[in-house]
Structure formats: C-alpha cells, structure tokens
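Positions annotated as active site by TrEMBL: CYS278, HIS337, ASP360. Per TrEMBL, the feature Ca(2+) binding site maps to ASN400, ASP402, GLU448, GLU453. Under the heading compositional bias 'Polar residues', TrEMBL lists 481-496. What TrEMBL lists as domain 'Transglutaminase-like' is 270-363. Taken from TrEMBL, the feature region 'Disordered' covers 470-499.
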Amino acid sequence: MAQGLEVALTDLQSSRNNVQHHTEEITVDHLLVRRGQAFNLTLYFRNRGFQPGLDNIIFVVETGPLPDLALGTRAVFSLARHHSPSPWIAWLETNGATSTEVSLCAPPTAAVGRYLLKIHIDSFQGSVTAYQLGEFILLFNPWCPEDAVYLDSEPQRQEYVMNDYGFIYQGSKNWIRPCPWNYGQFEDKIIDICLKLLDKSLHFQTDPATDCALRGSPVYVSRVVCAMINSNDDNGVLNGKWSENYTDGANPAEWTGSVAILKQWNATGCQPVRYGQCWVFAAVMCTVMRCLGIPTRVITNFDSGHDTDGNLIIDEYYDNTGRILGNKKKDTIWNFHVWNECWMARKDLPPGYGGWQVLDATPQEMSNGIYCCGPASVRAIKEGEVDLNYDTPFVFSMVNADCMSWLVQGGKEQKLHQDTSSVGNFISTKSIQSDERDDITENYKYEEGSLQERQVFLKALQKLKARSFHGSQRGAELQPSGPTSLSQDSPRSLHTPSLRPSDVVQVSLKFKLLDPPNMGQDICFVLLALNMSSQFKDLKVNLSAQSLLHDGSPLSPFWQDTAFITLSPKEAKTYPCKISYSQYSQYLSTDKLIRISALGEEKSSPEKILVNKIITLSYPSITINVLGAAVVNQPLSIQVIFSNPLSEQVEDCVLTVEGSGLFKKQQKVFLGVLKPQHRASIILETVPFKSGQRQIQANMRSNKFKDIKGYRNVYVDFAL
C-alpha cells in the first residue's frame, strides 16, 4: 500500500530565481521575485516520489496580517488542476524518484509585499499533510507586459529600476550643477525598510486588510510612499525644514545618499530624520520606488511656481529699491524644485494618459487630507487637463503659471508686468545610461510664446474656474512661505512696461558679471543701461542684494547702492558694482544664492524698470582618484583631494564618502581645522563587494560651508 507523501526539504532556488527576476543585486540568500513571471522551487520527499494520479499538491500564499481570498491577499491553487479559479498558477517542471521541481507564477496584478508560502498534500484515502515552505517577497515587474509598470525599453529599465546612483540637478537655470546621489536601493536591509514603510502608513494603520489588498496598484502604492517620505501626517522618513538653523539635525545640503537616511529612520524606531528639502524627499522616494520595482526618475524644475490659490498666477511684490517683499497669498517661485516621475499605466484615466506620472513628496499642500502630490499624468499637464487625478492643477502651476509683478509704494500696489514665460524652465533629469543632463521641458508644456502654449493655459484656467465652486481639492499651505525669486535676467527684467500701459519702454537695464562668482571672492558686475529713444534720459536706479533660500524665500538685504545715470539718445552706459566677500559672507545661505536687483525710474516720468539677477556662488569640487584596478573582494585604495576655498580658517571639517557596492556603510573622516586656501588629501581603503558600474560620492562640510561635493565613477571587475 502506498504511503502518504511527506516533504523532507524545500529548495526555493533563491539564487537562480533572483537572477532571473533581476533581484540578485538585493540578495541571493532569500527569495525575491516579480509578479507575472514564473519562479521555480524543488520539493524533496522523505519516503517516495510525487505521483500525479495519487497525490494532489495544493499551494497557499498569504500576505498581510489578515489574508483574505476575496481581497486577493490569500490564494489557494493546485498543481494538479490546470483550470484553477485562482489567478496564481503552478505547474510541474520535472518529477524524479524523490524530488519534484515546480513553477509558480503570481498574477501581474498581485499585491506586492512579503508572502508566506505553504502547501497541503492530499494523498490517497484522504490523508492530508500541511507544510510551511518559507517566505518570499513579491515586487512589481517592469519586464512583464501585463504589469501596470511595464516599460518596453531595456536601457530605460536599467536606468530607472536597476541603476543605484545618479544626479540631482540644482542651482539656477543659468548655472545648473549636478549633485551626485547614492540611491542604494539594493543595499542591505533596504528592501525590508521599504516594506516597513508601507506598514507604517496611515492607510495600513487604519485598515490593514484593505491596504494590503490595494498594494497591487502602482497608483495606490505611489501615493502611500509619497505621503510616507515626509512626516507631516505620520512617522514618515523625513522632517522638512527651510530655515538656516539645523543644529538639531543634518543640513539637507550635507546628504549624499538615501541609504543613511532610511537606515537611521529604521534604527530609531521610525522617528523622522532631520532634515530634508525637496531634492532629499525626491531622492529617498526614488530609492523606495525603484526598490519596489516601479520605474522612477528624479526631475528638477528651475523657476518652479507654487500657486497657493489655484488661479495660475504667481504674485510678486517689490519695494522702491527692487527688494522683493512678502505677500499675503504666499505665492512663491522656487529657484529650483525637485520631484519624481514614476512610470505606470493609468486605467483610472482616459486612454493616453499613462506613462510618466509626477509624484512630489515635498510637503507643500494637502491632497485628499494628507501631504502628498500625485500621481499626475505628465501628458495631462502638457495638455492642460487639470481635472484629471491626482493634483494636476498644482503641478500645472509649478511648470506653467504666469507671474505678476507689483510695486508697493505708499501703501498702494501698482502693476509692473505680467510674464507668461518665467515659470518652468530647463526641466531636467539624468540621461539614460549617461552622466549627461536631459532637458524634458517639452514633455510638460508647448514652447513658450507659441499659440498652443497659450491655448493650453487658457483651457486649464477655464477648467479651474468651472470647478472652483466645489472648493479647492488641495488644503492649507504648509511650506514656509516668503517672497518669490526671479529668474536670472528674465525677459520681464529687460523690458518691463511702464505703469502706463500705453507707454513704450525706452530704457532697458541689464546686469552682467565680470568674473565667475567664486565663493570667497568679491563679486564684480556692471549695470548696463541703454537708451533706445531719441531723447535724453535721467535715471535714478536703486540697487540692492539679498541672499535667497532655494525655495525663493529672501533673507535681509545686505548691500544697497543708488546710481544716477544720464543717457544721451541711443547711448549705452555701464555702472560698475562690487560686493566684497566681507559684505556677503556672514549673510550667505547654504544655497549660496544672491539676488541682485535694480529698480530704475526717470525723473520726468512714472516709468519703472525692474531688473534682477540671481548669482550662484561656486565651490571647487572634491577630486576623487581610484588608485589601481577595482576588483570584487580585493582591497582598493581611493584618494580624496579637497581644499578650503576661503581666505579664512574653517573649523569642524568633516568629509563623508559613500558608494553602493564599494562601501558597506557611509565613511566619515573628521578633519578638524583647515587653514585658509589649504589643499590636502587622504587615502581611504575599501573592499568592493559588487561588480559593475559604481559611483563614489563625497561631501565636505565645515562651520562655513556645508556642501562641497565630488564624485567618481568606478567599474568593478569580477574576481579572477
């Protein structure tokens, strides 16, 4: 008589499966697979082999604390039955004397997360035995055509899912600089932290069964992650701060990667990490989304609008010196703003609006009662379809709002100019498999000044007016407000119309730098004045300079001057200006932005001419040299060369170095004091533990500066 079938051992074939599922970078010791793609396991039996006509193997998979067949978080499916009602399937690969290899496949819509795998063996005479085979993690699958996150380009999948480093673009539209970043989505424990992040969300805490069931939707998961990256509603990953006092945490400019942030959040019992700003929020979200399998990239928008009342107008207010003022509306133009794009189908929208979706984890406005933004279809933004979910009006205003300039004098507000093209410039992301920058502005809007662009703007405005009686979809503004920043030498600066609309501008003003603006040196520039009329012009020009935070908030003016310029017909003159290092050093923000402005007026005319320029001071970068060939599991020496760019001594110098696959953890070197203009180097030793293209990121901070950065790409060979 045949005996009941007994399982002695199970081989989940983690190493083989993980390679086939593109998860071997995370681990080969535990099973991590992607939905919609088969994976194999081998069952070893104690007493005899599997007999298809005699034995029936039933698989059970469960996820979440309350697995449920109806919700799809529990599935029961048989190896013997080919027409199982379950969307999970299993089939026999090979059958030996005492072992059987089977293939299992999750549906391409299955909830992602941690699963428990069990089997029941139903043998002759009703004998049933149950076994727990182990755990596995199921991820989104951009390689599967039936998955909502499917991306049909292998180079794009390699860049937006598999690449664990990149660049985040900062600065200003006239001085765009790449900031190297270690995403590290495949580093040790990061996948576990990402799954914990989902379980710490308000959605899970409120209704864990439904939350787990909805984790098959990238739209849902992306909104949950977006809300959890900031900590405004929950114990999310990061606290945001937009002031200059970071003594109780890290200055956002100091971070060079997501791994240290996520591990600190996890190690402290999920206490929010201090501090982040937009690029940090976006970088950490990129790490989490790539880890979960959703193609994601980081986007920078220069001169980014923040429209608080949904009228697609950013109001800026100036005094008679050209100094920018606060305003009750709290509209702002950020010098740059950073968000994410995630790739997914949008079956909740009309056809054609899938693909790249904007998600913004920076806590600016509420969306359905929580601080998150998106996913908003990039195509919907370009076409002005601001009635499509989620938060499309807010994103539209970030890239295509108009800007209204006002002069405040004697308690009265006078309109200077309405500019239709100053918001949303040089929208940038890292190129595919390259260190170059891609300009993707055309994905978000039609060419500025074109008829199509104006038609889309007016369509969006009409849609917003039509729905305004329903109340704004977004809630109260959180982001520290403040005056707006202006684009550098923007068109309105050069040709600002008179307060009398019928007048024609006859004088133009423009700033021009004479030397590159390097940190620690005097800033030398001229004001160019041009009389385009056939009459003499007597000008009085008030000049000022003030530091800016990157969100457009100004600090107090630290330099002022008044110029009296007489111009003959058609004459051009220059007025030389200099701001010494001693004048700006103590007022400079971490963002190293100085806004110079001039407001000119004719003695015999009410005509006003406003011009602005944003100056970004630059540091010398850190130089990194790799000494010798980089080989897995073999010692590698790395030279880091750095300097104090200032003509004064700096203290509390700390060098931070990291790189996924190269360093097990972030390296910190305490350098102490650096003398004026001092140049030095150190040698770091490490042992690479992953092969392929890697990147080293470095940052040096002191009591005078926070973010002197450098990077070096390294190719690591397999051990011989």
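Every residue number used here counts from 1 along the chain in the order it is shown.
Heads up, the Cβ atoms here are built off N, Cα and C, so glycines get one too.
In TrEMBL, annotation is done automatically, which means it is predicted and not curated.
Counting every protein chain shown, 24 other Cβ atoms lie within 10 Å of the Cβ of ASN400 (Ca(2+) binding site).
Other residues of the chain with a Cβ within 8 Å of the Cβ centroid of ASN400, ASP402, GLU448, GLU453, the Ca(2+) site, are ALA401, THR420, SER421, VAL423, GLY424, LYS445, ARG454, PHE457. Rounded to a whole number, the C-alpha distance linking CYS278 (active site) with HIS337 (active site) is 6 angstrom. For ASP360 (active site), the same-chain residues that are 6 or more apart in sequence and have a Cβ closer than 8 Å to its Cβ are CYS226, PHE281, ALA282, TRP339, ASN340, CYS372, CYS373, GLY374, ASP391, VAL395. Note: the CA-CA distance between GLU448 (Ca(2+) binding site) and HIS337 (active site) rounds to 19 Å. A distance of 17 Å separates the Cα atom of ASP402 (Ca(2+) binding site) from that of HIS337 (active site).
Sequence-distant neighbours of GLU453 (Ca(2+) binding site): residues of the same chain at least 6 apart with a C-beta under 8 Å from its C-beta are ASN400, LYS445, TYR446, GLU447. The binding-site residues in question are ASP402, GLU448, and the one with the fewest Cβ neighbours inside 10 Å is GLU448.
Summarising the environment of HIS337 (active site), the number of other Cβ atoms within 10 Å of its Cβ, over all protein chains shown, is 28.
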